[in-house]
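Heads up: the structure comes next, in structure tokens.
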Amino acid sequence: MKTVLIGVGQAGGKLTRELADFDSRMGFEAVLGTLAVNTAEADLQELPFETVLIGQDRVKGHGVGGDNELGAEVMQSDSQEVLASLEGRITAEAEAIFVVAGLGGGTGSGGAPVLVKELKRIYDVPVYALGVLPGRNAGAMYQVNAGRSLKTVAREADSLLLVDNDAFRSSGESLGEGFDAINREIAQRVGLLFASGEAVEGVGESVVDSSEVINTLRSGGVAALGYASGESADTAEGNINTVMSTTRRALMTGTSLPEASRADAALLVVAGVPDQIPRKGVERARRWLEDETGSRQVRGGDFPLQSDRIASLVLLGGVERSDRLQQFMERAKEAQKAAETEKQRGDPAEAWQNDELEDLL
Ligand code: GDP
């Protein structure tokens, strides 16, 4: 799926960079173009591609400091400049646009939904969002911001592919190192998803096509992506077992949104050397996914790749009823209530939002 990436905010820019690097390292050429947008000049300076600084008149390049309403406002007033920078980048080859952002901050949280809406008015290709949920240790402001942003992005985008920062966190790392590791995990799986359907060799009936990714995401709402890999075996029977076990792990422990296993639609992509991908194994794993997700719309296909491993990539569309997401919305609502109480006590520093945060559905 030929994709144009637009990173908004700090996390958005860093993830866009990681995705572009992965795509070029693997030689996939699925990433057609990249752009980063931010209110903080310092964050843009580190990025090796075109950038747009927005809100200069309001924040003078210093960022919006976690104020996502201000993030939304400056994106709205400077959207023409952002859209102008995209001109010529979204060519006829482009099959999708991804707006990438951390949902808990200010610029990405507020700006991404606004940008998605503007892009959808102009372009015919699907406009998706890749959104990062703050981990449970992140402060209350992040939870409240993300709760609001998530609802708005999910409504505006053709689909919101969600990544929970807690899904990949390993212990003993500093926050910065932790983010870099998470970004690499995200880039690997999302990068493989982009590259699905871009295979040049072994094109045949069983090879996955970009339209299958788009059709799986078509159910709208929130999507998640699972991944796991294992060593390929010497026998067909061994490879059937490998495909089954990597698919199980991809869904059960390797997903970007833990505990999201019920879905409206799913796509299983099995990557590996073509003659080591067992038809029987892919079909068995696909049927297993139907049972687990409760969906009758589970597509399956191959992704020919030179590797001594076999990998399963599981894309889930329509996971908004998942327990994890409901838990997150509860967390965001509680954080907002706590902030309200603080405000009533007269602490102006905590008075960042007043509106009621409603249920997702
Ligand atoms: P913004 O620049 O105002 O959009 O805010 P940030 O992008 O700095 O932060 C938004 C959220 O993303 C916060 O909840 C952070 O926990 C998270 N975050 C910040 N940087 C990264 C990153 O590099 N990777 C990931 N996965 N999350 C990040």
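Cβ coordinates come from backbone N, Cα and C, glycine included.
Going by TrEMBL, these are the annotated features:
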DOMAIN    2-202  domain 'Tubulin/FtsZ GTPase'
BINDING   Gln10, Ala11, Gly12, Gly13, Lys14, Gly106, Thr107, Gly108, Asn165, Asn183  GTP binding site
COMPBIAS  330-348  compositional bias 'Basic and acidic residues'
REGION    330-361  region 'Disordered'
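Features as recorded by TrEMBL, highlighted on the structure.
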residue	record	DSSP class
Gln10	GTP binding site	helix
Thr107	GTP binding site	helix
Asn165	GTP binding site	helix
Cβ-Cβ distance under 8 Å to Gly12 (GTP binding site), same chain, at least six residues away: Ile6, Ala36, Val37, Asn38, Val99, Val100, Ala101, Gly102, Thr107, Gly108, Ala112
Which of Gln10, Lys14, Thr107, Asn165, the listed binding-site residues, has fewest other Cβ atoms within 10 Å: Lys14
